[in-house]
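In what follows, a structure is listed as structure tokens, so that the remarks can point back to it.
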């Protein structure tokens, strides 16, 4: 049996190894939750055996050494980390410790914030001008990232307003919105560049570039959450007051900062944020809870590496480790072959996960994945679980190579990969049962034809029994035929028939989207419908004419043109119309006759809106003569940026396109 000294040595060595991978290499091998567990184990052992604590133990410092490639900045006020709690019981124990330690009977008010999952930085302003910026580093010394931070548009180069201190060091988090992260990885996959495991790694990798021009191209943003150095000026005597003051001076502060009067209110805040987490547009891994009063903060003081007056209340881990038992290949509605890892089931963020996407052959090669490997699985919000990385240091001896199929696993047709594309596809078309199933599921989906009650299992049975081959066949179904399906009684069957009848009345945009043309999403379908007005005009359009539509380039135009050039597709459309599918005649909106600031403009919406849904905003803009596109290009006239706007906002700024916020949009809509 190992001695206590040996256990401590092994834990410290393991933690230092993972700190190096995380802080220096930007290539973490294990999830945060596993690191936290190891750190807790070490801290518990050291608490029981304080005589064995060493000065270089990971519990005695904040992080790891800075990268040698950057010059170093010594923090005048150390950048400490926070202690963590992981459940309500631990938070309530922290709350009690704070109450017990305060000598007075003053009420404690809590300032609660989001715990952003990015990179902690300090930014020094002298007489209101940004003069330097640094990473946390080891808490005492960080990396000089001034040139890179100056490229982040959310961070003001000069503060504005009155009573700005002579020297003010603000602290906060640089992070990457989800949309920006997806765009970076999409571009990387297309060009063979580095694909990041998660937005935090992408933010760190973007900020720690030796070439600031690369950082400038990444849609990084920033929220301020604290202060370090303060000279030649005063700040409010509460934490919230300071954040509001920073906001007045032009520093970005999260609008989710909330003052809580009791532990019960803090817990309610925690659960509300946890509920809202999937819709924020950026990654968080918990909430930060701070004593609001600066006087009480001073009274509570610090321990070696963290303040006694604050704690991070972390959410259940979104990353966990497990083993890949097999890799299978699924076929999508456009024939795309997607490898899926079959996993040893593991709970991730409160959900039992047994499958994870591997995207494509390039991703398997990038990961270096073999069947039998130990891997890190990530699940964020509604995102499909994915394999983040392989734990190479724990690779079993009996792993097997993943062999990508040369023939479709469903219909046996050849698999081809077009040059320049990452995705391999089955060439079987609608003779492939898998493609037929997925096409029909898309056709009846809520955002397409919206056939209520026709779920995936019904479609699977209809295809397997060969009752349905094309979307038009759906409208020929009878209650009698449906009653023969598994778990389908006469009443349920009649409900489905009624839903199909109701779905015949649709819109031109929904109909186009339901057809499942490659690269034609909802926004593009709406743009095509608005521009051409009728099916006949769209079918007759040339590739050149199609490219006049906002959001349509040569690739999309070619897909649309080729779809309508295919006789079998035209036949299906004719059958659908013969079965009674219809939509209202187009209402021609002449932008020149509309007195509106949006008339005739191509507008792009990005980020989340708080006062109306995206669909309502789009409809209102179209009524006022705007063309609403799904992506930013040189054709775009205006971008409306909501909360947590990502890569579209960054591209608009890069192209010099006018940008307004939601408040200005609402003002113009009402004018």
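Each Cβ is built from the backbone N, Cα and C atoms, and glycine gets one as well.
Features of the protein shown, as given by Swiss-Prot:
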ACT_SITE  115  active site, N6-AMP-lysine intermediate
BINDING   32, 33, 34, 35, 36, 81, 82, 113, 136, 173, 290, 314  NAD(+) binding site
BINDING   408, 411, 426, 432  Zn(2+) binding site
DOMAIN    593-671  domain 'BRCT'
DSSP-derived structure type at residue 36 (NAD(+) binding site), helix or strand or else coil:
helix
Between C-alpha atoms, which of these recorded positions comes nearest to residue 290 (NAD(+) binding site): 115, 411, 426?
115
I want to check the contact list for residue 411 (Zn(2+) binding site): same chain, sequence separation of six or more, C-beta distance under 8 angstroms. What comes out?
426, 428, 431, 432, 433, 434
Compute the C-alpha separation of the residue listed as 'active site, N6-AMP-lysine intermediate' from residue 136 (NAD(+) binding site), stating it in Å without decimals.
16
Can you tell me the CA-to-CA distance separating residue 408 (Zn(2+) binding site) and residue 32 (NAD(+) binding site), as a whole number of Å?
38
Out of 426, 432, give me whichever of these binding-site residues has the highest number of other Cβ atoms within 10 Å.
426
Averaging the per-residue pLDDT over the domain 'BRCT' (593-671), what integer do you get?
82
Secondary structure at residue 290 (NAD(+) binding site), reduced by DSSP to three states:
strand
Beyond the site residues 408, 411, 426, 432: chain residues whose C-beta lies within 8 Å of the centroid, for Zn(2+):
331, 335, 409, 410, 412, 413, 427, 428, 431, 433, 434, 435
Using Cβ atoms only, which residues of the same chain lie under 8 Å from residue 34 (NAD(+) binding site) while being at least 6 residues apart in sequence?
320, 321
Could you tell me which three-state DSSP class the residue listed as 'active site, N6-AMP-lysine intermediate' falls into?
strand
Using CB atoms and a 10 A radius, I'd like the single residue among the binding-site residues 82, 408 with the highest neighbour count.
408
From the DSSP assignment alone, can you count helix, strand and coil residues within the domain 'BRCT' (593-671)?
28 helix, 18 strand, 33 coil
In three-state terms from DSSP, label residue 426 (Zn(2+) binding site) for me.
strand
